């Protein structure tokens, strides 16, 4: 891809995200979402492979439909209330339409079908952007309108992704699809707490993004796209695979790693709101996700492929260390003791 075209797409991506997260007017937020969609399309179609072109078309159609629904929802709200402010979403039909539109943007159940296919058709770097940066503007809109949305609908749309993300990820061998279903499952945790503690939704998203960035960067470094490839990468980069195991367990939400913090706080807040049944249900469904995270850790560190050579493992490699991976891995694993500070910041 031409470096100038790549730079233009990246800058447009940052511009669209900044416009959406900093706007109070519906039209500006919609404009930012459109810039984002148009900026990521060249990056998805970059490989010039039929699968990438298919992923690009699917992504464009879904995002165009979702953007149209966002605009329609804001127009209807302005028609009935005279307000274009994002925080003044008061019309019930507009709230329902917006919930549908953002669910399509994020890939929430039952609008999740496009997300695993698009991630599978993209490169690892583009899949990283789709899983993290592209979810920030819709999450921000949900955050700003959280007081207007229906809590019962949000709870249903939260438990369904947690269940489906766990079930569908069990039988996958493609790493990008596994991480797509992991993303759908985590979106359930973000959505269930949205109506009761919106700041906790943002904290969950930040920690999820941190873990996902680390995993994608590590997979990109080891060039692993399938489960069997993870087994062969152990002999080349054992240290990196060992830290990948810890990051995967953090994404699964096991203590004492960073990923345990949001799940712990969400269950605590749901219990305070007397939603013990919802908290128990989503916690039980997260065990499904835990299974395929454990399978990934098993493949990355414990299972060794048949190897005829008896060479020593390269614990000290001559390749330059990637500072980004080192920093993001450290944060993904060790943030739990800093939880009081993180709660103060949010």
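Just so you know, glycine gets a Cβ as well, placed from its N, Cα and C.
Of the listed segments 130-147, 202-219, TrEMBL assigns transmembrane segment to 202-219. In the predicted model, the domain 'NADH dehydrogenase subunit 2 C-terminal' (290-343) has a mean pLDDT of 73. For the transmembrane segment (96-115), the partner stretch with the highest count of Cβ pairs under 8 angstroms, out of 57-76, 152-171, 178-196, is 57-76. Remote same-chain partners of the transmembrane segment (152-171), defined as residues 6 or more beyond its termini with a Cβ less than 8 Å from a stretch Cβ, comprise 96, 99, 103, 108-110, 112, 116, 177-178, 181-192, 194-195, 275, 278, 281-282, 285-289, 291-292. Counting Cβ pairs closer than 8 Å and at least 6 residues apart in sequence, the transmembrane segment (240-261) and the transmembrane segment (57-76) reach fewer than three and form no contact. The recorded stretches the transmembrane segment (281-302) and the transmembrane segment (57-76) do not share 3+ CB pairs below 8 A when only pairs 6 or more apart in sequence are counted, and are therefore not in contact.
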